[in-house]
Amino acid sequence: MIHSWSGKKLYQSLSRKKTFATETKQEKDKLKRVLTIFDLTALGIGATLGSGVYVLAGTVAKSIAGPAVVLSFIVAAIVSSFAGVCYAEFAGRVPKAGSAYIYSYVAVGEFIAFIIGWNMFIEHTIGTASAAKAMTNYLDSLLGDPQKRYMKAHFPMHMQFMGEYPDVASFLFLMFIALVMAWGVRKSSTLNTVFTAFNLMTVGTVIVSGLFFVKISNWNISKSEIPPGVDGGNGGFAPFGWSGIIAGAARCFYGFIGFESISTTGEETKNPKKTIPLAIVLTLVFVTSAYSIVASVLTLMWPYYDQDPNAPFPVIYENLGLPVIKYMVTCGAVFALFTSLLGCLFPIPRILYAMSCDGLLFEFLSMVNERTKTPVIATMICGVGAGILSSIFNLEQLVDMTSIGTLISYLIVCICLLVLRYRDTNTAIQDIDSNSDDYKMFKWYSLFNTKVTNLDTQYISRVLILIYTFSACVFCISMVNIDCYDGAFYFPLIIVIAVSITVSLLSMLMLHRLPQAIENLAFKVPLVPFIPCVSITLNLYLMMELSIKTWIRFGVGLILGVFIYAFYGIHHSLEGSKQRAVKNEENKNTPRISS
């Protein structure tokens, strides 16, 4: 009996959900609401339109997708757009700091919320580190590689899975960015807007200048034209095949993480229920167009197999004999990557702030400076952590780990959206005797035909969501590994794929037949459950394309988070809930003096 009670209490602790109806005015005003639609769109574009344009396109084109990197960006954009509209609805539902962490806390419960919040912390920290690494590579290239030559000569690192030398410049840049962020959200937003303008001018320069050097033949290079010893695949537009396009899309996903930073500004945005969804949509449309055009120009200007993976544009303009444009683009790229750093670092302290306020992380992380109205301690800790990662790890490994973290976040948000859409919001009392046979027959007959949610439809929906997610996972694992099997194992694998597709489609169809909660929201995802379900499948598929080493590296960080929750978060969040309940009860019992 004791074990049963303990297990029940543990389940209640792990699944307790967060509400915002009882917050006090003082709690609401801790962060200052100063951001507008223009600020948020500039923040999203600045955070997103960085490494993806100036580094990632060349890296993916060279050894993963070839000229089909354009399709990789489009696939990644489609997946991001599906997740983006889910973020937009959640931002309208829960206009609070914390992004997907808060969303999952409301929809699923505390433990899942902690996992996704910690995952986002790791994801954005690594993303910030990779942006800093990309920026110093560009800057070092502009100056003739002085840091690279000096550090490799005097402080080389010979450890596996690490960089060739400690990147001191990236660490110093990140510390400077952290100081700017701690100075105040309005100051950092203004600086971000200015640098974003430089970024857009640079992208325009690349597109316009590149049009004069476009060669259609670079999209149709035969295998015989590829130099010996160069891994150029089979040549043509997609030299590495469909698998290369999908693997490239998994990498290109890193280029779309910026819009997520918009949804973390709920407590610092004017009218967040309308502003945040619109800013997310505008950012995705603009950035997708820019990525596709720049990737096309890049691969048409120069053969894909000869791209420089660290700084493709400076090398191309140098080879074309255009040193002036080379320095213009390189300087613009540094400004763009600087903006990307601002956007990547911006959400991290807000995530820690939100988790700390709930008692899941250490209390000092939620301390807000009275003068700057920002979480200064959390911001500086994030800057130091990202700086250390950027100084010791390789860019490619950082990009892979960022991508898997982003995909996990998107996956959880889509699942949470489905859970909320099918939750029971009907408070009417059933008059029919629930134990009668007539009622049971009526209940099962009308389950998929009723227009109002109830506890039965809510339960069935969650079972169907679980079945769909599991079958989609089986389908994605099978599809990714189908080329590795032949002979006796090939036919059973085809059967598994067919069964998983059938189960997924049936689950989605049954979800479609169930009633959805009737809610008045500023923005709602259209075509539910189709869009969230497709997003779940696409996210899982891209996740399975990443290497097992990436899963292991990222898994170590998640395990560390589970230990923090087990030994600190679960106890302190419960204490915080009790204190809030006592405070709310006191507020109810306090007599009001009429004016």
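Glycine too: its Cβ is placed from the backbone N, Cα and C atoms.
All annotation found in TrEMBL is predicted automatically rather than curated by experts.
The domain 'Cationic amino acid transporter C-terminal' annotation in TrEMBL covers 523-573.
Packing against the transmembrane segment (34-57) from elsewhere in the chain are residues 69, 73, 130-131, 134, 137-138, 185-186, 189, 192-193, 195-196, 199-200, 203, 206, 251-252, 254-259, 261-262, 265, 268-270, 275-276, 278-280, 282-283, 286-287, 290-291, 294-295, 298, 309-313, 333, 336-337, 339-344, 346, 395, 399: each is 6 or more residues past its ends and has a CB under 8 Å from a CB in it. Feature annotation from TrEMBL assigns transmembrane segment to 34-57 (among others).
Look at TrEMBL and you will find 69-88 (among others) tagged as transmembrane segment. Residues 52, 57, 60-61, 99-100, 238, 245-246, 248-253, 255-256, 259-260, 263, 276-277, 280-281, 284, 287-288, 291-292, 295-296, 298-299, 304, 410, 413-414, 417, 523, 525-526, 531-532, 534-535, 538-539, 542 of the same chain, all 6+ positions outside the transmembrane segment (69-88), place their C-beta atoms under 8 angstroms from a C-beta of that stretch.
Summarising the annotation, TrEMBL assigns transmembrane segment to 100-121 (among others).
Residues or ranges marked as transmembrane segment by TrEMBL: 168-185 (among others). Tertiary neighbourhood of the transmembrane segment (168-185): same-chain residues 31-32, 34-35, 128-129, 132-133, 135-136, 139-140, 147, 151, 191, 268, 338, 341-342, 345-346, 349, 369, 372-374, 376, 379-380, 382-384, 386-388, 390-391, selected by CB-CB distance under 8 Å and a gap of 6+ residues from either end.
Sequence-distant contacts of the transmembrane segment (197-216) (same chain, at least 6 residues past either end, Cβ-Cβ under 8 Å): 45-46, 49-50, 53, 290, 293-294, 297-298, 300-301, 313, 320, 322, 325, 328-329, 331-333, 335-336, 339. Per TrEMBL, the feature transmembrane segment maps to 197-216 (among others).
Per TrEMBL, transmembrane segment is recorded for 236-257 (among others). Note on the transmembrane segment (236-257): residues 47-48, 50-53, 56, 59-60, 64-69, 71-73, 75-77, 79-80, 123-124, 127, 130, 219-223, 284, 287, 291, 304, 344, 399-400, 402-403, 406-407, 483, 541-543, 545-546 of its chain, located 6 or more positions outside it, place their CB under 8 angstroms from a CB of the stretch.
Summarising the annotation, TrEMBL assigns transmembrane segment to 278-305 (among others).
The transmembrane segment feature in TrEMBL is assigned to 325-346 (among others).
The transmembrane segment annotation in TrEMBL covers 463-482 (among others).
What TrEMBL records for 488-509 (among others) is transmembrane segment. Outside the transmembrane segment (488-509) by six or more residues, the chain places 464-465, 467-468, 471-472, 474-475, 478-479, 481-482, 529-530, 533, 537 with a CB less than 8 A from a CB of the stretch.
Tertiary neighbourhood of the transmembrane segment (521-544): same-chain residues 76, 78-79, 82-83, 85-86, 88-89, 91-93, 246, 249-250, 253, 273-274, 277, 403-404, 407-408, 410-411, 414-415, 417-418, 421, 468-469, 472-473, 475-477, 479-480, 504, 508, 511-512, selected by CB-CB distance under 8 Å and a gap of 6+ residues from either end. Annotated transmembrane segment per TrEMBL: 521-544 (among others), in sequence order.
The transmembrane segment feature in TrEMBL is assigned to 550-570 (among others).
Counting Cβ pairs under 8 Å that are 6 or more residues apart, the transmembrane segment (100-121) and the transmembrane segment (463-482) reach fewer than 3 and are not in contact. Same-chain residues lying 6 or more positions outside the transmembrane segment (278-305) and placing a CB less than 8 Å from one of its CB atoms are 37, 40-41, 43-45, 48-49, 52-53, 57-58, 61-62, 66-67, 69-70, 73-74, 77, 80-81, 84-85, 87-88, 91, 203, 206-207, 210-211, 213-216, 218-219, 221, 226-227, 230-232, 239, 252, 255-256, 258-259, 262-263, 312-313, 316, 319-320. Secondary structure of the domain 'Cationic amino acid transporter C-terminal' (523-573) per DSSP (helix as H, G, I; strand as E, B; remaining residues coil): 41 helix, 0 strand, 10 coil.
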